[in-house]
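Asker: Sharing a structure with you now.
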Amino acid sequence: MEQPIPPYLFAFAAGEIGSREVGPRTKVFAESVPAVLDAAAKEFAGTEDMIRVGEKLFGDYDWERFDLLVLPPSFPYGGMENPRMVFLTPTVIKGDASGAQVVAHELAHSWTGNLITNKTNDHFWLNEGFTTYAERRIVEAVQGEDIAALNIGIGWKGLVDEMERFKDKTEFTKLLTNQEGVDPDDVYSQVPYEKGFQFLWRIERQIGRPAFDEFLKKYIAAFKFQSIDTYMFLDFLKVNVPGIEKEIDLKIWTEGTGIPFDAMEPVSNIYKKIVSLANEFKQGRMPSEEEVANWHGQEWELYLENLPKSVEASQVTALDSRYRLSESKDYEVKVAFLQLAIGSRCSEYYNIVEKTLKEVGRMKYLRPLYTALVQGNVKKEEEKIFAQRVFSEARETYHPIAQGVVESILSKHL
C-alpha cells in the first residue's frame, strides 16, 4: 500500500484463509470454513452502502480497498481498524445484519483515526470520539434515526457507568488525560468514545448539522495523513467556527472531569419507551410480548443495561423463561443478561457463564463477567473460587492482553 500509516495500524494475519466477495471494494476473509464465510458475507452485505455514505459525509475513501477479516473467537477486541483490512471478532456475526455497526465504526476510522491520528494516547478521544460520532451518522443514514438513537442511548448508559468506575480516579473521566506511568489497557474505557461523541454532538447542536458537516470535511482535508493533538483541534475549531468558545465551554469539555451539564441523552420515542419499561421492571412488571414484538438485539441490550444491577432472583428466571435471553445468539444481550443473573446470585446460570467465558475472548464480555463474579461487599467466596477456576481453565485460549486484564480484575478483588 502507498499510504503512510502510524505503526499501531500495522498488522498481518496468517492462516488457512478463504474469502467471499461482498462488494466492489470489499471481500470478507475468514478461516476456510464455508459456514463462517457464508454467515460473514450475509452479515456484511451492506458494506458498500456504508462506504458510500461515509464518502458523502467525510470525503473520498482514500484507501482503495475495504476488506474485512473475521478472526477466531480469541480476538480480544470488537474490531481493529487496520487500514484496507479491518480485523473483526466473530461475535459481530449475529445473523441479522446488526453486526454491521461494528463495521460502521471501523469504516469511520478510515477518516478519523487512520487519516487523522491522535499524537499520543492522552488525545485518544480524537480517534474514538470522532469515530463514534461518524459511525452513528453512517448508521443513521443506512439504518434510520431510531437505531442511531438506540446506539446513543446504550453509549450514554456506558458513559454514566464509567463515571462510577472512575469515581476515585477522575483523571480518566476527562477527554484530555494525563496517562504518564499508566498502562492504557488498565484505564481503557468508554469515556474517549462516548464523552468525545457527546462533545461533537454538542457542537453540532450549537451550529446546526449543515455547518458542522462542512466543518468536518474541512477538518479532515486539513489534517489528513497527520497526527494531531487536542490543542490543534481546538485552534482549528475556533478559527473555522468563530465565537464557538463563547457558546460552549471548550475547556470544561476537554479538561474537566465528569459529564458536562450540556451533554444529553438521545431524544427518541423508542429510547424513552425502553428506559421506562426498564424502570417498571423495578416494580415487578415485565414487558409484554406485544411490547417487545419488534425488538432486536439493541433494544434488549438497552433494556437490560438500564435494569438495576441486582433484582430478585425470581424476576431474573421469569424474564428468561419468557424471553430466553440466556440463549441469545447476540453476545451483547446474553452477556448483559448474565451480568444481571450474577448480580442477583442466580447460580443456575453459572454453567452458561462458564461456557461463555470459555468460548469467547473479547474483552468487552470478559471484563464485565469476571468483574460481576468477584466484585462487591457480599460474601462471594463461591463466585470467587468459580471465577478463578474458569480463568485457570480458559486462560490459554485468551489473547495476552485479555489475560492481563482478567488477572488485574482478579488480583484487585481476591
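Even glycines carry a Cβ here, placed using N, Cα and C.
A TrEMBL annotation is a machine prediction, not a hand-curated record.
Feature list, courtesy of TrEMBL:
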- H105, H109, E128: Zn(2+) binding site (BINDING)
- E106: active site, proton acceptor (ACT_SITE)
- Y193: active site, proton donor (ACT_SITE)
- 269-410: domain 'Peptidase M1 leukotriene A4 hydrolase/aminopeptidase C-terminal' (DOMAIN)
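Could you give the neighbours, burial and distances for every feature on this list?
Answerer: A sphere of 10 angstroms centred on the C-beta of H105 (Zn(2+) binding site) encloses 24 other C-beta atoms.
Counting Cβ atoms from all protein chains shown, E106 (active site, proton acceptor) has 25 others lying within 10 Å of its own Cβ.
Within the domain 'Peptidase M1 leukotriene A4 hydrolase/aminopeptidase C-terminal' (269-410), the DSSP-based counts of helix, strand and coil residues read 103 helix, 0 strand, 39 coil.
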Asker: I need the CA-to-CA distance for H105 (Zn(2+) binding site) versus Y193 (active site, proton donor), whole Å please.
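Answerer: It is 11 Å, counting Cα to Cα.
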Asker: What's the number of neighbouring CB atoms sitting within 10 A of the CB on E128 (Zn(2+) binding site)?
Answerer: 23
Asker: When a 10 Å sphere is centred on the Cβ of Y193 (active site, proton donor), how many other Cβ atoms does it contain?
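Answerer: Excluding its own Cβ, Y193 (active site, proton donor) sees 24 Cβ atoms within 10 Å.
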Asker: Taking the Cβ of H109 (Zn(2+) binding site) as the centre, count every other Cβ atom within 10 Å, in any protein chain shown.
Answerer: 24
Asker: Can you tell me how far the Cα of H109 (Zn(2+) binding site) sits from the Cα of Y193 (active site, proton donor), in Å?
Answerer: 12
Asker: Within the same chain, and leaving aside H105, H109, E128, name every residue whose CB is within 8 angstroms of the centroid of the CB atoms belonging to the recorded Zn(2+) site, in sequence order.
Answerer: E81, E106, A108, T112, G113, N127, F130, T131, T132, A134, E135, Y193
